[in-house]
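Taken straight from TrEMBL:
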DOMAIN    32-204  domain 'FAD-binding PCMH-type'
ACT_SITE  Arg180  active site
ACT_SITE  Ser250  active site, proton donor
ACT_SITE  Glu345  active site
Amino acid sequence: MIMRFNTTDYLAQSVEDAIQRNISLAAYNTFRFAYRAEYFAVADSIASLKALLAWAKEFKQPVTMIGGGSNLLIAADVSGLVIINRLTGINVREQGGNLVGLTVAAGENWHQLVAFTVTQGWFGIENLALIPGTVGAAPVQNIGAYGVEIKDVLVRVQVINALSGDVYWVNAQDCGLAYRDSYFKGKWKDTLFITAVELSLKKQAALLLTYGGLSERVKGEPSLKAVFDTVCEVRREKLPDPSELANAGSFFKNPIISHAQHAQLKARFPSLVSFPFEKGIKLAAGWLIDQAGWKGKQYQGVGVYEKQALVLVNYSTQSADALLELEAKIKHSVATLYGVELEREPVQLPSPVQADVPNMETQG
Ligand SMILES: Cc1cc2nc3c(=O)[nH]c(=O)nc-3n(C[C@H](O)[C@H](O)[C@H](O)COP(=O)(O)OP(=O)(O)OC[C@H]3O[C@@H](n4cnc5c(N)ncnc54)[C@H](O)[C@@H]3O)c2cc1C
């Protein structure tokens, strides 16, 4: 049985009682790989989280936080304490004028939050509908879809420092948010955990339909609800539902190359799919993998999804070995054909990344 504790239970219950040993993580990652956590607990309040982090510090155990497990590649048993984030609560503040502010606890479900904002008539995250996982993990890789990223609406994040137990706010512009990346995926990994996010949404229409053919797909007059429904519809058509076919969404980031390299590739492959991106050109990794002949291919219980080559799926295996081999094969053929290095999007556990957390002031 998984024990949860909230603030009240926490007073009556010792941390040790809330921590289980040697628990399978199969239900906590959408690839469904069945590796185990040495220690395991669910946190549903800041108090319980603080107590768990203090325990880990006292017993010198590394800490890993998991939300929905939809951007994870667990490839071995995880030593130390795995904490499942189930902090809940949404607080809404009218900000005057066109703006509305939301403070949302990290363990809330992202898609349910999007659906809630759409029913309220608030604009800003409707293009990010149906992205699995928790609100707290959304800034970790700066989730994005259909031309919108969470950084477009993120004001600040509340974090807890695993070493000191301090809880404070960090402004969004200080979090290193970039294309599918942030300091939470790098130098702050496993040391600063997000406990809440603050978003700023708009009350008046501000729809973005210029990406992914949304404008052609929206039926009738574009409205907030119509865009939300269309995004859900398109995603259901082309992405596998993790509850039916295990996967972690896009397995590779879209590579960003220089204009010069792009010109050379375009001359060799006129149908190359690419988009201007900041100072370079972003290539569609799915196109590269598809053209390299991988779409729909299966390999020892795993495979490349038949409708979207960017998505690797797990049909039947409990270990990550075959997936890692398939990844290496795909990377090799794309590098050989196009001279482009693919970079993995999901986070691997356990991870060797070292934390490097600057001193920050406690802000309540
Ligand atoms: C079908 C499918 C479609 C997807 N589509 C998209 C998409 O369109 N765009 C997109 O950007 N992503 C997409 N993803 C990836 C994934 O849904 C997102 O990255 C999501 O934000 C992950 O949330 P999670 O709670 O499942 O994170 P997890 O997988 O649990 O964790 C991911 C990483 O964040 C860390 N982490 C988790 N919670 C916290 C926290 N509170 N504080 C600090 N670190 C934390 C974990 O340790 C881990 O390193 C998709 C995935 C699937 C399966």
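Cβ coordinates come from backbone N, Cα and C, glycine included.
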Problem set entry | Neighbour tally for Arg180 (active site), based on other Cβ positions within 10 Å of its Cβ | 19
Problem set entry | DSSP three-state assignment for the residue listed as 'active site, proton donor' | strand
Problem set entry | Intrachain C-beta neighbours of Glu345 (active site), sequence separation six or more, cut-off 8 angstroms | Asn71, Gln141, Arg180, Ala248, Gly249, Ser250, Phe251, Phe252, Lys253
